Amino acid sequence: MVTGGNGGAVVDDGGLRRRGCTFRKSDFLPEESFRSWGNYGRALLDTPFRFKNRVMTRSLDQTELVEVKSQSQGEMKKTLTWWDLMWFGIGAVIGAGIFVLTGLEAKEHAGPAVVLSYVISGISALLSVFCYTEFAIEIPVAGGSFAYLRVELGDFVAFIAAGNILLEYVIGGAAVARSWTSYFATLCNKGSDDFRIVVHSMSPDYGHLDPIAVVVLIVICILAVFSTKASSRFNYIASVLHMAVIIFIIVAGLTKADTNNYKDFVPYGPRGIFVASAVLFFAYIGFDAVSTMAEETKNPARDIPIGLVGSMVITTGAYCLLAVTLCLMQPYKQIDADAPFSVAFSAVGMDWAKYIVAAGALKGMTTVLLVGTVGQARYLTHIARTHMMPPWFAHVDAKLGTPVNATISMIVATAVIAFFTKLEILSNLLSISTLFIFMLVAVGLLVRRYYSTGVTTKANQTKLIVCLVLILGSSGAVAGYWAKSDGWIGYAVAVPFWFIGTAGLCMFVPQAKQPKHWGVPLVPWLPSLSIAINIFLLGSIDKDSFIRFGVWTAFLLVYYVLFGLHASYDTAKELEKNRNVSADMVMEERA
């Protein structure tokens, strides 16, 4: 490896420029298209051809595992086992969702039936876990769902997903950080909003400024930057303490149970259960961060299934028990929306217990922030390795073995959002991004199993497309009908088309690829059901959240056309050129 004159860049033996932690233009826009205004103008004129190329191009497993990974200057250290992953999963998931949104959704949408909302969201999350697990074992890289979709659905779809992945993490971290402040205020015997600065001249949705959330995120950033293994140890200790508090809440709370609170079990009807379920999906967000740690896992084939599936089963059980306990302790109309468990204990005469609950909630939210910070940095690192984002973010510190640039950048973005924005806005927008990504991953798994270049015939490819259109179209029709109507005719028409599409895959399209180590059971039924549930839950989210989602997606498209498309196109061509040079050198040596 030698140092060249590329603005401080390092050039490896294959000729690829690999950047360190500097702030030159070449660290952010090193590609051929951005070296001069003339080059950029020609690249823009070539946009239609390049766009078609990126839409039609699918990456390869080996490309993600070797060539793309090599874009980072250092290797991530393989230090994690299934035990670490399981506790990372528990730490990543059990946080603000259960301790804040349970009260809000029980009070506003579901009543005591909020436990059913958690069951529905849990089933959807578990189906997604299966899909993520197979991909994480087959493609154990830091890119998570971005890398999986790049391999199966192509660069463009992967980029749109990537933008929503980053949005998911920023919003999720901001929501948890603000909830941290609310529970900290409770622990200090203050009102949940007392530590925020209220600016009356601003909108109520953005005018409750939260400096404590920013400080918490800075502390989490420092811990995440210095060591993944140290983060794992901290997460393990905090999660064990957190589980002890959860057990305390359930046992102590049930001693104050009043079954009369369950007499009106479904006060808002079935629609309220599903509306709450869509929002409470926020409570399951985080397990995908564990899949990004596959690159740092000692034995992915064994550790990832145990870690991911085990943590999700434990989490779902804990959520259902906590929801039942809360609604038995207090009538749903009296549940506090900001700190429901703490206030519930005060209401039943156990005021001292609210401090234990608040401390436990803080521990849970701290681990959620930590694991989310670790995961979001690894997503951004892998996205930057493809140059869809500036490669400066892909730098892995040689000494620390962590992606420092990506970690700090994501925390800064999260802190800005957390400082201004209310939890309700964040949770709805977060659920849209997450459900959209999980749906794409399930589609990607079906494509992986049923399509392989050079193996799948043209006829089978056509059958696959038809079946996928039927599954997606019928699922969208059911979601749309649910959002607009209280009838049943639409379901009677659409659901059979979902069944026909899934059965058609099962009976008429042969599987082109089998997993080498561990695979999702009951393919295509489980991935198809995951698609249907995720899309259905999208139909329960409010219109304003979809407008915000549309604005963000439009921004992503503008960025992609102006920068990401040309950077990733140039990088792909450079990788292809180097691959051909290497092949020629091998041929010459053999000759």
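Positions of Cβ are set from backbone N, Cα and C atoms, glycine also.
Pulled from TrEMBL:
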DOMAIN    518-568  domain 'Cationic amino acid transporter C-terminal'
TRANSMEM  85-104  transmembrane segment
TRANSMEM  110-132  transmembrane segment
TRANSMEM  153-177  transmembrane segment
TRANSMEM  209-227  transmembrane segment
TRANSMEM  234-253  transmembrane segment
TRANSMEM  273-294  transmembrane segment
TRANSMEM  306-332  transmembrane segment
TRANSMEM  352-379  transmembrane segment
TRANSMEM  400-420  transmembrane segment
TRANSMEM  432-451  transmembrane segment
TRANSMEM  463-482  transmembrane segment
TRANSMEM  488-510  transmembrane segment
Sort out the residues at least 6 away from either end of the transmembrane segment (488-510), same chain, that have Cβ-Cβ distances under 8 Å to it, and list them.
446, 450, 460, 463-464, 466-471, 473-475, 477-478, 481, 524-525, 528, 532
Under 8 Å Cβ-Cβ from the transmembrane segment (273-294), and at least six residues away from its ends along the same chain, one finds 80, 85, 88-89, 92-93, 95-98, 101-102, 104-106, 109-110, 113-114, 116-118, 120-122, 124-125, 128-129, 132-133, 135-137, 139-145, 165, 168-169, 172, 175, 228, 266, 300, 304, 307-308, 311-312, 315-316, 319, 368, 371-372, 374-376, 378-379, 382, 427-428, 430-431, 434-435, 437-438, 482, 536-541
Counting by DSSP secondary structure, give me helix, strand and coil numbers for the domain 'Cationic amino acid transporter C-terminal' (518-568).
40 helix, 0 strand, 11 coil
For the transmembrane segment (209-227), what are the same-chain contacts with Cβ under 8 Å, counting residues 6+ beyond its ends?
173-174, 177-178, 180-181, 184, 195-199, 234, 366, 369-370, 373-374, 377, 400-402, 404, 407-408, 411, 414-415, 418-420
Check the transmembrane segment (110-132) against each of 85-104, 234-253, 306-332, 352-379, 463-482 and return whichever range has the most CB pairs under 8 Å.
306-332
Are the transmembrane segment (306-332) and the transmembrane segment (234-253) close, by which I mean at least 3 Cβ pairs under 8 Å that are 6+ residues apart in sequence?
yes
Where else in the chain does the transmembrane segment (463-482) make close Cβ contacts, counting only residues six or more beyond its ends and a cut-off under 8 Å?
274, 443, 446-447, 450-451, 456, 490-491, 493-498, 500-502, 504-505, 508-509, 528, 531-532, 535-540
